[in-house]
Amino acid sequence: MSSIKIECVVSETYKIGESPVWEEKDGTLLFVDITGQKVCRWDPGTKKVQSVSLEAPVGSVVLRKSGGYVMAMGNTFSALNWQDQSVTTLTCVDEDKPNNRFNDGKVDPEGRFLAGTMSQEIRPAVVERNQGSLFTLYPDHSVVKHFDMVDISNGLDWSLDHKTLYYIDSLSFKVDALDYDMKTGKSSNRRTLYKLQQDEGIPDGMCIDAEGKLWVACYNGGRVIRIDPETGKQIQTVKLPVDKTTSCCFGGPDYSEMYVTSACEGMDEEWKKRQPQSGGIYKITGLGVKGIAPTAFAG
């Protein structure tokens, strides 16, 4: 494990860096700053970040097959045209809950965009409980709700055989598994896969590797952990130099690099002095495992 290398590749400090997605065609990393209300794109070649400022918190962003991106922003699924920075609302959710916003999301292997909601944070990781839901945006822009009574809807991904959806509601301190019907996009039979240890922090964003193991970024835990879904056991921990690790994805030319986003919101001056690169983006190499290319939204 001594070959693992961790470097801060984007030192700009984002309030809540999240939703990293590798965009293969340009070799760039897409991500959001949730409360900074931005979608950003980092080019490893130029080491520059371009960003688009938005009018609401943006929980997640995904690639779109027809070009541009789709965001889970505020209480909307919205399209973003990167060239002219225009935003088009596709549909709204949770209209009876004005204090709710979207959080993490990801596209399933068939091109549907799943994203969940939560109430706006009172302070980091403190929310009005049970206000969120998990939704699917279908390619025809219709929306289906999977379930409600969620605290902080967070990381999700699918098993390599596409039969299982892995899902995190952060304040349950668990990673759950659900049966997933890839034909219809419906989920059922939710159960606990892994319960986090106290020192591991709060489960946040998540991705799967090419060996079918899950990687979970642990907020306030300063680490990503690797979980074997077959055994429900944690099999690896990689610690980072910042506590507020938020999400992770694989990227790079062969998907052998892991990118980890982080946050600085809610940190006092003394904490920031100790961890000045909180809110930056980290690259981990030498993990010895590759990731899976993200799917683009089909609609």
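Cβ coordinates come from backbone N, Cα and C, glycine included.
Going by Swiss-Prot, these are the annotated features:
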type	residues	note
BINDING	Glu18, Asn154, Asp204	divalent metal cation binding site
BINDING	Arg101, Asn103, Glu121	substrate binding site
ACT_SITE	Asp204	active site, proton donor/acceptor
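Annotation note: Glu121 (substrate binding site) sits in a coil segment as assigned by DSSP.
Note: the CA-CA distance between Glu18 (divalent metal cation binding site) and Glu121 (substrate binding site) rounds to 15 Å. Local packing around the Cβ, expressed as the count of other Cβ atoms within 10 angstroms, is greatest for Asn154 among the binding-site residues Asn103, Asn154. Distance from the CA of Asn154 (divalent metal cation binding site) to the CA of Arg101 (substrate binding site) is 12 Å. Separating the Cα atoms of Glu121 (substrate binding site) and Asn154 (divalent metal cation binding site) is a whole-number distance of 14 Å. If you measure from the Cα atom of Asp204 (divalent metal cation binding site) to that of Asn103 (substrate binding site), you get 10 Å. Neighbour counts of Cβ atoms within 10 Å were taken for the binding-site residues Glu18, Glu121; the minimum is at Glu121. Counting every protein chain shown, the Cβ of Arg101 (substrate binding site) has 24 other Cβ atoms within 10 Å.
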